[in-house]
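Everything below concerns the one structure shown next.
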Amino acid sequence: MSENQQALNHVVSMEDLTVDQVMKLIKRGIEFKNGAQLPYEDHPIVSNLFFEDSTRTHKSFEVAEIKLGLERLDFDVKTSSVNKGETLYDTILTLSALGVDVCVIRHPEVDYYRELIASPTITTSIINGGDGSGQHPSQSLLDLMTIYEEFGHFEGLKVAIAGDLDHSRVAKSNMQILKRLGAELFFAGPEEWRSQEFADYGQFVTIDEIIDQVDVMMFLRVQHERHDSGAVFSKEDYHAQHGLTQERYDRLKETAILMHPAPINRDVEIADHLVEAPKSRIVQQMTNGVFVRMAILESVLASRNAN
């Protein structure tokens, strides 16, 4: 068994993936987008467990599973024994005992997956669909696929990530891998929402200092659900100070692209009429999510078969 297969028993954090593995997943995602097929004859079983609300991640994993011909075991948190006090560990232990091959999990607890993948009893593979404000590897991979399709490389690209940095698992996943891939990173947004850990990966700037220099301008959602109740900014003030206005859009380089992991607070992070503007790749990101998640599932299942 190769080192690559061993490492992909689970996909839980971008920190755990090598650059080679990341590039293979991106390129395989592009192959799936171009029509590659891989029907499974042994009917692997996948269960999606979402303990936080989701549209894009949840549904694109479902579409990816359908396209791969996998068997899906529906799991509804609201009608499960979780509501009787069952722990996440015991829930996954049960699904593993039932023969589920892969569990795709989103959970509010950061690093929830560590206990699961360390268990000698749980044999199901874990794909992290987002852990609180920790990591979001599949979102990061679809972002990378979108950038790679546009530019064909990462080395030397200037990438700005702007918005609610501290609460964003997308920012934390992307900053680590983009630096390893050779991109130059800039971070913008309210000072109240940026911790010192970002300084290890790039420069803190204002959006107006960097908007006309970047190749990729990535905005982040203001995550109201992870903030204390007292609002720091009104929507109007936030948009004026930190959002993509028409004036800022006009300053982007001709070849620059606009990204956002969504859901979008329109007229907060990005002006409503700019969400689908010519430089926007937001819809493409959503589309690419299906294909890169197909690549993730394929790689995890291949690793299981190799075992």
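The backbone N, Cα and C atoms fix where each Cβ goes, and this holds for glycine too.
Cβ neighbour count for R106 (carbamoyl phosphate binding site): 24 (other Cβ atoms within 10 Å of its Cβ, all protein chains included). R106 (carbamoyl phosphate binding site) falls within a strand when secondary structure is assigned with DSSP. Under the heading carbamoyl phosphate binding site, Swiss-Prot lists R56, T57, R106, H136, Q139, A262, P263.
Within 10 Å of the C-beta of R221 (L-aspartate binding site) we count 19 further C-beta atoms, all protein chains included. If you look up Swiss-Prot, you'll see K84, R169, R221 marked as L-aspartate binding site, on the strength of sequence analysis.
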**Asked** So, in DSSP terms, is H136 (carbamoyl phosphate binding site) helix, strand, or coil?
**Response** coil
**Fill in**
Around the Cβ of Q139 (carbamoyl phosphate binding site), other Cβ atoms within 10 Å, all chains included, total 26
**Prompt:** Listed binding-site residues are K84, R169, R221; which of them have CA atoms within 10 A of the CA of Q139 (carbamoyl phosphate binding site)?
**Reply:** R169
**Message:** Just to be sure I understand the packing, how many Cβ atoms besides its own are within 10 Å of the Cβ of H136 (carbamoyl phosphate binding site)?
**Reply:** 26
**Request:** Sorry to bug you, but what's the C-alpha spacing from R106 (carbamoyl phosphate binding site) to K84 (L-aspartate binding site), rounded to the closest Å?
**Result:** 19
**Message:** By a 10 A CB contact count over all chains shown, which of the binding-site residues listed here is most packed: R56, K84, R169?
**Reply:** R169
